[in-house]
Amino acid sequence: MTQHQRLLIIDFGSQVTQLIARRLRELNVYCEIHPYQNVTDAFLAAFVPQAVILSGGPSSVFAEGAPMPPKGLFTLGVPILGICYGQQVMMHCLGGKVERGHGTAEFGRAYVTPAGHSLPLLEGWFTEGREQVWMSHGDHVSEIAPGFEVYGTSPNAPFAITADVSRNFYAVQFHPEVHHTPKGARLYENFVRLAGFTGDWTMGAYREDAIAKIRAQVGDAKVICGLSGGVDSSVAAVLIHEAIGDQLTCVFVDHGLLRQGEAQDVVRMFRDHYNMPLIHADESELFLGALEGVSDPEIKRKTIGRLFIDVFQKHAHEVGGAKFLAQGTLYPDVIESVSFSGGPSVTIKSHHNVGGLPEKMGLKLVEPLRELFKDEVRALGRELGLPDSFIGRHPFPGPGLAIRCPGEITREKLDILRKADAVFIDQIRKHGLYDEIWQAFVAILPVKTVGVMGDGRTYDYACALRAVTSVDGMTADYYPFTHEFLGETATRIINEVKGINRCTYDITSKPPGTIEWE
Ligand code: XMP
């Protein structure tokens with residue numbers, strides 16, 4: 001197995017630490033984020049970073065118990081870049097001075113101009129005399145540490161960019177990782193080049209390593225994988241299948257709440273194209289039966305979640321003797337983040353569909369995507385030959401169409417909903433908008449309204465179109481379709497889908513709304 005060059009990001013609790021990692025990964029540099037509390041001298045010795053970045057954070061170096069890196073960091077002999085609070089920590093530890101922010105706090109856009117000599121870290125900067133950067137700090141450095149020189153200043157930050165070139169220490173007051181520092185990526189690129197990174201973190205290399213790791217972990221044991229047809233579980237399944245072949249069995253639970261053609265697509269792709277052992281568990285009768293008469297959204301979710309586990313467990317037993325459960329857990333799910341109420345807080349989301357199963361069934365986990373961000377998973381999927389129709393898919397929730405059918409779920413409503421949804425997605429694809437939209441779907445409303453079609457009066461369901469832009473699903477805004485697009489889509493749905501005679505467009509953002517209707 002290859003040992004990649006590794007960069008360590010010490011997290012002091014900035015809201016945007018993950019963005020630093022994203023910028024570095026885009027440069028094919030392998031990095032990990034660790035909360036400052038975990039980073040001891042022993043940790044550094046075991047991690048062997050080739051460079052270190054100190055993140056920003058909300059603390060003040062004056063606070064009692066202020067977050068600090070371990071003592072040995074500055075004698076490791078590796079390049080270090082301090083950002084915002086990271087800069088203040090560097091100055092504080094290396095003999096400079098930090099002052100409380102009274103009156104000089106700086107938030108938002110600022111312009112940095114060059115000072116002193118040129119600096120390799122700033123190659124490609126200041127081509128227009130000054131650079132826009134994003135500041136967000138209360139305290140500021142008032143005296144730089146011995147050995148440091150100033151290379152950039154802003155009206156409120158005389159030490160916006162400082163460096164001790166002989167030790168390869170760099171410290172900036174602003175946040176190069178955010179979008180509002182337009183040339184921030186260039187700064188990271190220069191830093192990793194100075195630190196000797198060769199860009200050895202590629203999906204091709206990752207694929208080979210991951211395969212070797214899976215083989216070493218699993219041996220000749222059997223593995224089961226809950227396949228949903230979503231990007232993460234699909235990529236995990238294909239990767240594991242490449243590693244251990246038919247020792248892997250996928251279980252695809254069809255709860256009868258899938259979109260038009262979805263089950264066929266999944267079966268065709270994985271069983272027919274990739275030749276994977278795949279159990280297509282068609283349990284729609286069971287799920288729809290249990291949901292009959294249920295209109296409370298929470299009871300719907302709980303019913304589906306409970307049955308999902310039962311069904312998965314039943315089919316997993318059919319495989320016989322599986323020792324491992326594969327999951328498409330991603331890096332953002334396992335990053336430990338800094339908590340100021342105590343030690344590092346851990347957010348480890350278990351897969352919503354099979355939560356609790358590994359313990360219950362005595363299974364160990366195989367999680368080959370644990371080190372990857374979502375777009376890296378997509379790149380790996382491409383590397384593995386998965387078609388774009390799978391890789392670029394909009395997210396689809398575990399409870400499926402159940403939460404797009406407010407009120408009671410009936411087969412009739414589900415059929416109407418599937419057809420309307422297919423027309424909407426077809427329209428979006430035809431207009432080349434699919435990849436601009438985070439998620440799009442139709443919800444069938446629990447009301448019937450009066451219409452007139454031809455010479456007759458109709459009394460049919462109303463539906464709502466929903467399409468949002470988002471980065472991570474946590475916040476979202478409605479997609480600004482043109483009126484022409486909306487008009488054409490409504491006409492198509494009402495003409496082509498029997499049972500719908502009225503179409504609305506949901507223009508609620510999240511918050512205050514949610515993306516799904518339930
Ligand atoms: P909301 O509706 O909370 O959705 O704004 C945010 C994102 O999460 C998806 N979602 C779910 N995914 N199980 C899932 O696997 C669920 O119960 C669930 N509820 C919402 C939703 O589709 C959107 O992408």
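Just so it is clear, glycine is given a Cβ too, placed from its N, Cα and C backbone atoms.
If you check TrEMBL, you get these features:
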type	residues	note
ACT_SITE	C84	active site, nucleophile
ACT_SITE	H175	active site
ACT_SITE	E177	active site
DOMAIN	201-393	domain 'GMPS ATP-PPase'
BINDING	S228, G229, G230, V231, D232, S233, S234	ATP binding site
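Positions of TrEMBL features highlighted on the structure.
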residue: C84; record: active site, nucleophile; CB count, 10 Å: 27
residue: H175; record: active site; CB count, 10 Å: 24
residue: E177; record: active site; CB count, 10 Å: 25
residue: S228; record: ATP binding site; CB count, 10 Å: 23
residue: G229; record: ATP binding site; CB count, 10 Å: 20
residue: G230; record: ATP binding site; CB count, 10 Å: 18
residue: V231; record: ATP binding site; CB count, 10 Å: 23
residue: D232; record: ATP binding site; CB count, 10 Å: 21
residue: S233; record: ATP binding site; CB count, 10 Å: 22
residue: S234; record: ATP binding site; CB count, 10 Å: 26
List only the single closest residue to S228 (ATP binding site), chosen from the active-site residues C84, H175, E177 by CA-CA distance.
E177
Taking Cα atoms as reference points, rank the active-site residues C84, H175, E177 by distance from D232 (ATP binding site) and give the first.
E177
Expressed to the nearest Å, what is the distance separating V231 (ATP binding site) and E177 (active site) at their Cα atoms?
26
Reported as an integer number of Å, what is the Cα distance between G229 (ATP binding site) and E177 (active site)?
33
Quick one: average pLDDT across the domain 'GMPS ATP-PPase' (201-393), no decimals.
90
According to DSSP, does S233 (ATP binding site) fall in a helix, a strand, or coil?
helix
Cα distance, S234 (ATP binding site) to E177 (active site), nearest Å?
30
Other residues with Cβ within 8 Å of the Cβ centroid of S228, G229, G230, V231, D232, S233, S234 at the ATP site?
L227, V235, A236, G328, F390, R393
Out of C84, G230, S233, S234, point to the one nearest H175 (active site) in space (Cα versus Cα); all of them are recorded positions in the record.
C84
Quick one: pull the CA-CA distance for G230 (ATP binding site) versus C84 (active site, nucleophile), whole Å only.
38
Whole-number answer please: how many Å between the C-alpha atoms of the residue listed as 'active site, nucleophile' and S233 (ATP binding site)?
38
